[in-house]
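If you check TrEMBL, you get these features:
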TRANSMEM  46-64  transmembrane segment
TRANSMEM  84-108  transmembrane segment
TRANSMEM  148-169  transmembrane segment
TRANSMEM  181-200  transmembrane segment
TRANSMEM  212-234  transmembrane segment
TRANSMEM  313-331  transmembrane segment
TRANSMEM  338-358  transmembrane segment
TRANSMEM  364-389  transmembrane segment
TRANSMEM  401-420  transmembrane segment
TRANSMEM  426-451  transmembrane segment
Amino acid sequence: MEEQTLEMRLGDTLAPSETPATVESPVLCPSSINEKVLIRRIDIRVIPMLVIIALSSFLDRVNISNALTMSLPKDLGLKGVETNVALTIFFIPYILFEIPSNLFLYALCSLESSHLPRVLVGPLIGPIDGMLKIKTVTTYRGLLVTRFFLGLAEAGVYPGSFYLISTWYKREESQKRFTAFYGSVFIANICGGLLASGIAKMDGIRGLHNWRWIFILEGAFTLLVGILSLFLVAEFPENATWLSDEERKFVIARAKCTGQTDNITPRDIVVFFKDPNNILAGIMYLCRSPFAYFTPTIVKTLGYSVIQTQLHSVPPIAAAFVLCTLLAYLSDKVRLRFPFIAFGIILGISGLSIMMTIRHNFSVQYAGLCLAAMGLFSCSPLIICWYVMNFQSHTERAIGTAWLNAFGNCGGFVATFAFLQTDAPYYHIGYTICMVAVCLCGGAASLYALLLRRKNMALRSSTMGEKSTPYYSL
């Protein structure tokens, strides 16, 4: 009775985005359920298909960076900043439709197949994008049209997937799952470079330039993924027909243990967007490095051929993937996020500093690129998990994941104009923008951690006493 009173009092005094995400009152696992086996089943059922969908989605998004190192600019007559505009236009619908997409997903969450309509749109548009490029794209305007509709279709893939993952796991086991999903970004970059190096040799086959074959082959893969996702994407825990009733109740109870509730009002939504923590989280995600789009371009300035450029863009991403996996394991083990984000930022600043100051030693510059990629890429899944898992309700997580992706991807507008061809090969402006952005990310993360720490101290000292310890993850 006392615990219920405390929970009611806490809910009455704090807005949803100010409510602590965890109240330690562990749910006991029924004797008929092996919790480790159950979590393993959930991992197999939820994560792999989302990773494959995100992989195909990200490949379709960034394969243009590989095509730009081939003959695409020459074939379409791109001049000046037209290449950067073609990259930027993707982000307009992508950003605008992320929050509506997740709200639509949340509205349909009572339906067993609620996750499918949104996820399928992104994968199925890839082949359309590729085919349009093959048959109709011979001009700059045609390229803009296809990039626009690709951004529109992919708007819901990442925020919706992050939202779905957050509903299945407790916070102390979530970072490894978020990182496993975000691994699709690393795999896409690695596979994109390796595939592009092979596809570069297909120039002239059936009368098509090699850059068109990138869109054909990767678009065909996306079509297959779209069809498979119709049958293999997991539902929300409440609708998981592949679990027994007892297992489903236990999984939901574990989620409820982290403070999940389903109550929200229009006022709560307004309060959500007024919370400075949401702005700080957006700034953290906004200030990520634009290396995902420009790694091949940066590598090309080191004097490599087209094929060598694609191959040499792989090791920095592979190294980042290894570090990211290690940090995810350690982060869950100690139940902290900020120290590992700070480590990634420091590593990224070190790498960028090397690239900015050492101009004529390509080997040292390449080492700096690897350090920067390792540090900055590893921050993204940590920031996402840190932010999302500090929410308590379905609605907050639905809005929060979409908000973080939408606001964070506004950085794409800046990123696509950071590395201008007129600034090659040293890209003074691009590296300066990256350095400023990373420093802002570090400042926002530090302030975010400080605010959460103050809230924890206030909650533990005045609201809950010593027996119950609600807290925000640091």
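Including glycine, each Cβ sits where the backbone N, Cα and C put it.
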Positions whose Cβ lies under 8 angstroms from the transmembrane segment (313-331), at least six residues beyond its ends: 175-176, 178-180, 182-183, 186-187, 189-190, 193-194, 291, 295-296, 299, 337, 340, 343-344, 369-370, 372-378, 381-382, 385
Interface check, the transmembrane segment (84-108) with the transmembrane segment (338-358), three or more C-beta pairs under 8 A: no
Range from 148-169, 181-200, 364-389 with most C-beta pairs under 8 A to the transmembrane segment (46-64): 181-200
Among the ranges 148-169, 181-200, 212-234, 364-389, 401-420, the one whose Cβ pairs under 8 Å to the transmembrane segment (338-358) are most numerous: 364-389
Cβ-based contact of the transmembrane segment (364-389) with the transmembrane segment (212-234), 3 or more pairs under 8 Å: no
